[in-house]
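Everything on this sheet refers to the single structure shown next.
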Amino acid sequence: ARRYSAACSRNAKMATDLGELLVPYMPTIRVPRTGDRVFKSECAFSFDSPESEGGLYVCMNTFLGFGREHVERHYRKTGQSVYMHLKRHVKEKATGAAGGAIPRRRNGKVFLDLELNRDFNGDDYEYEDEAKLVIFPDHFEIPLPNIEELPALVTIACDAVLNAASAYKKQEPESWDEEIQVSRHARSLRQLDNGVRIPPSGWKCQKCEMRENLWLNLTDGAVLCGKWFFDGSGGNGHALEHHRETSYPLAVKLDTITPDGADIYSFEEEEAVLDPHISDHLSHFGIDMLQMQKKTENGHHRENNSRPRVSEWEVIQESGMKLKAVFGSGYTGIKNLGNTCYLSTVMQVLFSIPDFQRMYVGNLQRIFDYSPLDPSQDFATQMAKLGHGLLSGQYSKPPMKSELIEQVMNEEHKHQQKGVSPRMLKALVSRGHPEFSSNRQQDAHEFLLHLINLVERNSAGSENPSDVFRFLVEERIQCCQSRRVRYSQRVDYCIQLPAPMEAAINREELLAYETKRKEAEENIQPLPEPVRARIPFTACLQAFTEPENVPDFWSSALQAKSAGVKTSRFASFPEYLILQIKKFTFGVDWVPKKLDLAIDVPDFLDLSLRATGLQAGEEELPDLMPPIVLPEDTRDDPVYEQLKDPEAPEIDEAAVMQLAEMGFPLEACRKAVYYTGNMGPEMAFNWIIAHMEEPDFAEPLTLPSMMDSGPSTSDSVMGATPLDPNSPPEESIAILTSMGFPRPHSISALKATNNNLERALDWIFTHPEPEESEALSDMADTEPNDNGFSNANSHSDATLSPDRDTTGPRIKDGPGRYELFAFISHMGESTMSGHYVCHIKKEGRWVIYNDHKVCLSERPPKDLGYIYFYHRLSS
């Protein structure tokens, strides 16, 4: 009794002490509300997790997670002292444990959805989870749960954090398997013995010739089109009509059949269902799922049609070879979060480039120290985090010798790294994007350009690593009738090479295959083995440089529409050259489809495609724009009246009156509203404050007339207007200059962004105006001409006018001699499906990056790549 009383006394004293200890921090402890994200699975600055040696610290105010190396930084920056420390102890099960045993856990709900952290042989491990409160800076620890000893608010907050789903759990797609039930018709389904056999391709609806959204009735083998079934597909409803006539209950969607199952619909139950006997039901019509399973082992593509598609997966992934895993700095894999291999391959290549390494990993501490209060929403922080994860070697450590011996003795699989998980970066860079924010497969080329754009926008006032990709393309347009030409230049980051199928060296084989394929489809017979087109790389380059027709070309020399042709050349060569092979085209259903081809891409490239500019004997097209022609029924439209009178611009009169009521001159208010693009009275007010001291502040708004833009020349014709084709609209220039930006810098921004005002503002902030001496120096370094492009032979004026672009885009021109150092390959039939891997040449050897797996490459499939990366050779 005395011992019990003493224990109660100690507990009461401890409760009092803990309560008093937490009193100063109570205002900083919050209970997660609806919408709060709890980052309890990953550090904001690193890939530390509760399974890491130091565990994870979750701030009890912001609910951000931090590894042991980074929690002190957050404490110093915010003064937040109370953190919840989460630690998962992973232990291998004892030898001889029952195969189906449930892993033993303590505090089973602590990490909730973190069971997915350990992907490999998860059943061979058991977990012990622990949580405790840690108070900084003294690191005072309070074990959890500790309900009796903690204040009620703290107990509620801790319980809410422990039971909250991890921040990205809600973004993962919910599994339909939990909702779909087994059909009551599956076991007793009657199938007609009518001899119907379904070919592997060439299907079409038996009633309307439709070739998309086709459903196979599992009773009689009828192939019919659907009508807005559970997956939202459209059609003419013949499958449903057939059910109403026959009462046959189940149908399977033909293009969803894989060794793992298929999409099945029950007409009577009016919902998607499961059929445990689907393999038997399909074999009744000649579809052998067991044979499909054999073809898809060892990582091959899971499709039921063509063998070369399987071969493509074999060759690109080097499946049949014993590849040696590599570990350490630069050899860290990236975990696939579900159709995120397009992101993984792009990031692996970018962080093999020194400029990206220097920008994000070289400046790691500065980026982390100056990161905002929520680093999960900062682009530079998340790029630095991923770059450090890939290059540090911290997450790619080779197995210990004892582990290797144990694996050999147990005949277990070889050791594989888990790879880093780019959840935070994926959520950040895809936010607001309709495609990348989804969980579907995407085009790696489109994502690469999207990421380069984000790098540009987030490199204000600092080094821009994407400068290494930027180059200028010279476009030459010639009027076929007058033979006059016009030269222009544009910025680009990637060259898209056509794949001319007509140039294939095995063209006869392709024609023979196409003939056999059509015969097989007409006779409903198995398709012949497809033939892959082999195209020389020189043919791709030639197709790129060949003239192409310009649709709806208006010749300023003829003052009428005419035939025009365009050719493209390099006005500058980038430091790193990106080549994309145009393998994808659109089918009749507007779904991208991939051409099956191989190109002998060289290791070394010497491009002789330097632009030449205006040549002797060439005559330029006049700088005139087409006259504005309106349909007859719009002649009385107010817009037409405004076009006739360019002195009467569109102005938001309500905003004008709102400013005038403040006491400003009416004409000044009209100018303010006009020059800020009718963006509201607040923007106009800022313009007024900035221009009040100007002598013409209260003068009436005057705009240069379109017809008075310059003196007439011998080329001028009534109805045409002299216009510099490279000059942005004067209204856009006026809006930017009214905001205080210099006129030359505003013109440069508009030119670089195709006259998009919003993007031009971003460009100005990410491209600070150089000092005059620096600008002149840059021009000297890049062979100056009238528009700042690095083309020594381009036509130039004797003097630079004030409107000339003296800055231009930053480029790193040099010789066009390159060496291949990386390529990204795609497997599958379109960019909307399949899988990406990349090969990168490091330390003189090719390495394959296949999600989390990183191995030495034995036979890099350079001829099957999709995007190729070259670096310039030093002279």
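Here the Cβ of each residue, glycine as well, is placed from N, Cα and C on the backbone.
Range annotated as region 'Disordered' by TrEMBL, chosen from 428-447, 708-727: 708-727. On its own chain, CYS225 (Zn(2+) binding site) has CYS205, LYS207, CYS208, MET210, GLU212, ASN213, LEU214, TRP215, GLY235, ASN236, GLY237, HIS238, ALA239 as residues at least 6 apart in sequence with a Cβ closer than 8 Å to its own Cβ. Between the C-alpha atoms of CYS341 (active site, nucleophile) and HIS835 (active site, proton acceptor), the distance comes to 7 Å.
The least crowded of the recorded positions CYS208, CYS341, judged by other CB atoms within 10 A of its own CB, is CYS208.
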